[in-house]
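Copied from TrEMBL, the annotated features are:
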type     : residues : note
TRANSMEM : 12-37    : transmembrane segment
TRANSMEM : 43-62    : transmembrane segment
TRANSMEM : 97-118   : transmembrane segment
TRANSMEM : 138-158  : transmembrane segment
TRANSMEM : 170-188  : transmembrane segment
TRANSMEM : 208-233  : transmembrane segment
Amino acid sequence: MEPGLCNRAYLLVGGLWTAISKALFAEFLATGLYVFFGVGSVLPWPVALPSVLQVAITFNLATATAVQISWKTSGAHANPAVTLAYLVGSHISLPRAVAYIAAQLAGATVGAALLYGVTPGGVRETLGVNVVHNSTSTGQAVAVELVLTLQLVLCVFASMDSRQTLGSPAAMIGTSVALGHLIGIYFTGCSMNPARSFGPAVIVGKFAVHWIFWVGPLTGAVLASLIYNFILFPDTKTVAQRLAILVGTTKVEKVVDLEPQKKESQTNSEDTECLIFTCDMFLQPFSFMLCLC
C-alpha cells in the first residue's frame, strides 16, 4: 500500500475513533452525574427528609445539566429508554445503541458508587433504589413507568428534532423529568430511566422488582418512538434506509476527480478515485473520504 494512502487511512481511522470515544464518554459522564445528583436528593438525612418538590427540582436540574453537557457530543441520551426509542425511530444503528447503553449503565454504576462512598453509613440505607410504594401492584407500577417514560421520550424527540427547534433541549427535557417525579414518586419512586435504577441496585445488591424499571420505561419508550416518528412527525426513510441505519452498514460511492491541475501533478493522467464512506454506527452520520491516488 502506498505511503500516502496509509497516512490518509490512519488519520481517518484515528478521527473516527476519537469521535466514537468522545460520544461514549459523554454518555458515561452524563449518566453518572445524573445518578449522583438525582439519587443524592432522595437520601434520608435526619436533619431534613427530602420533599417531593425537592427531589423533582433536583432531578430537573441534574437532567438539564447532563443534557447541556453531552447533547452536542453524543445526543444526550443518558438513558437506555431514550436510546431504544432512537433505535426504533431509525435515528441510530444497533451497534451504536448497544455501545451507548453499556456506557450509560457503567456511568450509572460509577455515579452510584461515588455517592455511596461519600455518604455516611446511617444515611445510605438502600441508596434510593426504586421500589413499589403505597400498595401499588406490579401491574400498576409497570403502567405508571410506561406513561411517565412515554411523555419523557416524546418531549426528548420534540426538543431534539431539528425540524422543530434549533436551541438547547436541556430546559424542556429537565421539565419533563420533573413532571414525572411529581407524580411517579408516590408509585415507584419514579425511574423513567433503567440506568438510574440499575446503578444503585448494583451497589447495594437489591434487585427486588427491578424488572419493573426495565419493562415499563422501555415499553413506554418504544410506544413514544412509534407515535412521534410514524404518526406525529413521520419522516421519509425507506425500508432499505432503515435497515441500513439499523445494522450500521457502510455506504461506498465512487467519485472521479476531474480537476485538471491535479491531473497534471500526477505521474499519469488517470483519474483519481475516491471512496466516500458514510458510517452511522456510533455518531450522527459520519462521512469521510479515502482517496486512492
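Here the Cβ of each residue, glycine as well, is placed from N, Cα and C on the backbone.
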Practice problem: Take a look at 43-62, 97-118, 170-188, 208-233 and tell me which one has the most Cβ pairs under 8 Å to the transmembrane segment (138-158). | Solution: 208-233
Quiz item: the transmembrane segment (208-233) and the transmembrane segment (43-62): do they have three or more Cβ pairs under 8 Å, with pairs 6 or more apart in sequence?
Solution: no
